[in-house]
Number of protein chains: 2
Amino acid sequence: MEINRIQTNDIPQIIKNRKSRDAIQYDGIDDRVKTIVQAIRQDGDKAVKHYIHQLDGVHLTNYIVTQAEIAEAYHSVSEDMIEVLNEANANIKNYHAKQKETSWYSADAQGVWLGQQVTPIERVGVYVPGGKAAYPSTVLMNIMPAVVAGVSDIIVTTPVQADGTINPMTLVAADLAGASQILKVGGAHGVATLAYGTETVQAVDKIVGPGNAYVARAKKYVFGDVGIDMIAGPSEVCVIADETAEPAYVAADLIAQAEHDELASAVAVTTSESIASAIQLEVEAQMKQRDRQAILQESIQQQGGIYVVSDLETAMKFVNAWAPEHLELQIAEPFEWLPHVKHAGAIFLGHYTPEPLGDYFAGPNHTLPTNGTAKFSSPLGVYDFMKKSSVIYYTENALNQVRHQVERFADEEGLDGHRESVRIRFND
Amino acid sequence: MEINRIQTNDIPQIIKNRKSRDAIQYDGIDDRVKTIVQAIRQDGDKAVKHYIHQLDGVHLTNYIVTQAEIAEAYHSVSEDMIEVLNEANANIKNYHAKQKETSWYSADAQGVWLGQQVTPIERVGVYVPGGKAAYPSTVLMNIMPAVVAGVSDIIVTTPVQADGTINPMTLVAADLAGASQILKVGGAHGVATLAYGTETVQAVDKIVGPGNAYVARAKKYVFGDVGIDMIAGPSEVCVIADETAEPAYVAADLIAQAEHDELASAVAVTTSESIASAIQLEVEAQMKQRDRQAILQESIQQQGGIYVVSDLETAMKFVNAWAPEHLELQIAEPFEWLPHVKHAGAIFLGHYTPEPLGDYFAGPNHTLPTNGTAKFSSPLGVYDFMKKSSVIYYTENALNQVRHQVERFADEEGLDGHRESVRIRFND
């Protein structure tokens with residue numbers, strides 16, 4: 001892991017190099033996605049089953065998970081893990097409950113009543129990636145905010161395994177969190193099934209959850225017909241370390257991030273030369289003891305880095321230029337520096353708040369904006385599962401007070417029907 | 001305008017017919033958009049000026065509006081209109097100020113501190129459509145929520161006119177509302193300029209504002225690299241009228257909606273046969289007196305309709321199946337029925353709250369979800385210009401309390417680096 005001494009004016013180029021990571025061409029994928037989505041939109045279940053057979057290699061007569069399958073799944077998950085899932089669920093629920101907005105109104109003596117009505121989305125689809133490993137944390141983090149929001153129907157979809165089943169851990173986590181229905185449909189065909197519905201599954205209003213390139217491009221394709229959450233890129237951490245940081249902790253947190261995949265990015269920014277060297281040594285030493293050697297070698301070498309800066313002001317400039325998904329402040333005064341952070345998905349303060357604590361357990365969502373999108377987007381939250389309606393009520397008198405202004409505006413925009421809709425109420 | 005008597009089970013088909021309005025093929029447009037966006041992303045200003053010349057027919061050496069041009073624009077706008085703009089602006093500001101969220105935290109005695117930090121987006125682009133008419137209300141409605149959010153840089157872009165200028169009303173409205181910079185770049189090239197920046201314009205983080213099909217598809221294309229607001233379709237109103245409704249008011253409001261464009265949709269749902277007939281007659285009579293005959297004929301005939309239902313419960317089912325952009329409740333007890341509305345962009349209560357009041361003046365935003373997207377999205381608001389960061393702080397003791405649960409989770413997901421980042425802090 002290279003150490004670079006940098007100044008403020010080096011930052012834009014570093015960020016630019018990072019951004020060029022994702023200049024991937026999706027043309028081939030996009031064509032395929034379009035074919036799949038259009039087929040399912042037109043032919044429904046027949047097309048869904050066709051793609052499950054073609055792409056997942058399984059013949060399914062029914063792609064909806066049965067109650068019996070869920071009950072069976074509980075038998076294959078250990079009791080202590082169910083306890084941990086329940087505890088995590090409670091923490092996630094508590095944090096997200098604080099995000100829940102309520103309707104409000106304001107009124108004045110002139111007879112003007114204005115409000116904002118906040119209501120849950122009715123039907124939501126949650127995409128859960130498949131593969132050999134199950135990621136129950138992803139299941140909880142995507143379902144629970146919808147539950148807190150008051151969503152009536154939460155439809156989970158996930159790729160079917162070669163034997164026609166779903167990983168039991170995924171089923172248990174989905175059931176515990178509050179899924180209404182679970183489908184065995186992965187990939188772009190899973191997204192299409194949720195977006196447009198079929199004879200057996202009603203379309204949803206919004207789709208959330210991570211997935212591979214086919215899932216991501218399918219979500220972008222159906223966006224507009226349904227809502228979607230963000231399109232997530234590779235995971236990232238930026239650790240800010242001052243001279244009080246413990247290099248072994250910093251290194252462990254960098255490795256925890258880098259082990260996700262080859263494109264994951266783990267970067268430390270420190271005000272101390274000696275801490276930088278110590279982090280470098282610790283990363284080398286600790287890496288050797290980890291399971292995922294190949295992934296770590298690749299991501300630490302290609303995407304990792306240690307930057308030495310003159311002070312924490314410069315470190316903050318780095319943070320705000322990058323807008324990292326995860327930010328750790330392993331510094332003496334993290335609360336003092338918190339207000340300097342303008343853009344980051346999640347911020348971990350102090351020496352005892354490692355990022356994996358947030359991945360699994362603390363409560364805040366682990367679905368976070370990546371690749372600089374924290375400049376304009378937020379962690380997945382209850383607000384993603386609710387929406388607002390403006391409400392306006394004017395009394396006759398209140399409308400009379402402002403009618404000429406409204407009519408003037410309508411004249412300016414050349415819309416006489418707009419003018420008339422006000423004027424007619426006073427019949428002069 | 002046809003009258004149809006309908007029952008609950010007729011509603012899905014009516015909504016389905018409405019939805020098929022928008023089954024437009026964008027393939028040709030998408031290819032063109034891609035070419036334009038990629039050219040500007042690669043060649044910057046040179047490509048921007050090329051497309052301004054090719055598509056707008058103007059040679060511009062500088063496409064940024066100067067202070068002198070803004071000062072001149074104020075001379076061509078009448079003082080009374082500036083006063084109306086300022087008054088509307090104040091109402092918009094007051095309403096939107098109530099949407100502003102603040103950061104919060106919660107802490108417990110175990111040493112767990114959790115929070116949500118709310119910060120403004122830094123740079124926002126606002127697309128303002130061009131054409132012969134100026135729509136100052138659109139300018140105010142798109143800029144003001146960004147101003148209230150605390151966005152530092154608000155870059156407006158709008159198509160240049162054949163003489164190289166911008167409509168003065170647009171300039172004045174943008175300046176009054178708080179634009180930082182105004183560009184003379186319309187269409188997909190305007191969106192690309194905002195999204196990726198050039199030698200003279202820095203890229204923005206998010207783009208909002210309505211536009212034609214090229215603008216809409218360009219926004220969808222750049223989505224992910226920057227944030228975007230919703231993609232708006234043709235405007236719509238649904239008026240619910242009981243026996244207390246005044247048919248002339250209902251008709252005027254339907255016409256005000258229909259005059260926007262040929263695809264605009266104006267529908268009344270009433271519990272009264274006689275009110276239905278009276279609305280029909282009023283629409284015929286009033287239409288003849290309006291300016292935009294051709295548009296009205298088309299939109300009223302093709303997209304309009306009057307539906308008679310047995311009761312207000314059924315009317316509400318219609319509303320919630322459609323999720324209309326604008327909903328008027330011209331009924332005796334609008335506040336009693338308000339909680340029954342699950343999905344609508346903006347809701348206008350009572351007999352003296354015509355929709356154009358909300359277009360221009362009342363304060364709530366007039367950029368609203370169309371075509372059923374109110375099922376999953378909200379009016380443009382301050383929340384579109386702010387984003388959240390989760391904040392987590394655990395003391396050593398607090399982490400120690402939960403470390404085994406986090407480690408258990410990491411084991412389950414097969415990530416030993418995640419486990420180690422917790423374990424190493426206790427060195428056992």
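Placement of Cβ uses the backbone N, Cα and C atoms for every residue, glycine included.
Just so you know, TrEMBL annotations are computer predictions that nobody has curated.
Features of the protein shown, as given by TrEMBL:
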BINDING   A:SER235, A:GLN257, A:HIS260, A:HIS326, A:ASP359, A:GLU413, A:HIS418  substrate binding site
BINDING   A:GLN257, A:HIS260, A:ASP359, A:HIS418  Zn(2+) binding site
ACT_SITE  A:GLU325  active site, proton acceptor
ACT_SITE  A:HIS326  active site, proton acceptor
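Each of the binding-site residues A:SER235, A:GLN257 was scored by other CB atoms within 10 A of its CB, and the lowest score goes to A:SER235. Taking 8 Å as the upper bound (exclusive) on CB-CB distance to chain B, the binding-site residues A:SER235, A:HIS326, A:ASP359, A:GLU413, A:HIS418 give A:ASP359, A:GLU413, A:HIS418 in sequence order. For A:HIS260 (substrate binding site), applying a Cβ distance below 8 Å and a minimum sequence separation of six or more within one chain yields A:PRO234, A:SER235, A:ILE295, A:SER299. Same-chain residues at least 6 positions away in sequence with a Cβ under 8 Å from that of A:GLU325 (active site, proton acceptor) are, in sequence order, A:SER235, A:GLU236, A:VAL237, A:ALA344, A:GLY345, A:ALA346, A:LEU368, A:PRO369, A:THR370, A:ASN371, A:ALA374.
The DSSP secondary structure for A:SER235 (substrate binding site) is coil.
In sequence order, A:SER137, A:HIS366 constitute the residues six or more apart from A:ASP359 (substrate binding site) in its chain with CB-CB distances below 8 Å. Counting every protein chain shown, 19 other Cβ atoms lie within 10 Å of the Cβ of A:GLU413 (substrate binding site). Taken residue by residue with DSSP, A:ASP359 (substrate binding site) is part of a helix. Secondary structure at A:HIS418 (substrate binding site), taken from DSSP and collapsed to helix, strand or coil, is helix.
Around A:HIS418 (substrate binding site), the same-chain residues six or more apart in sequence whose CB sits under 8 Å from its CB are A:VAL406, A:PHE409, A:ALA410, listed in sequence order.
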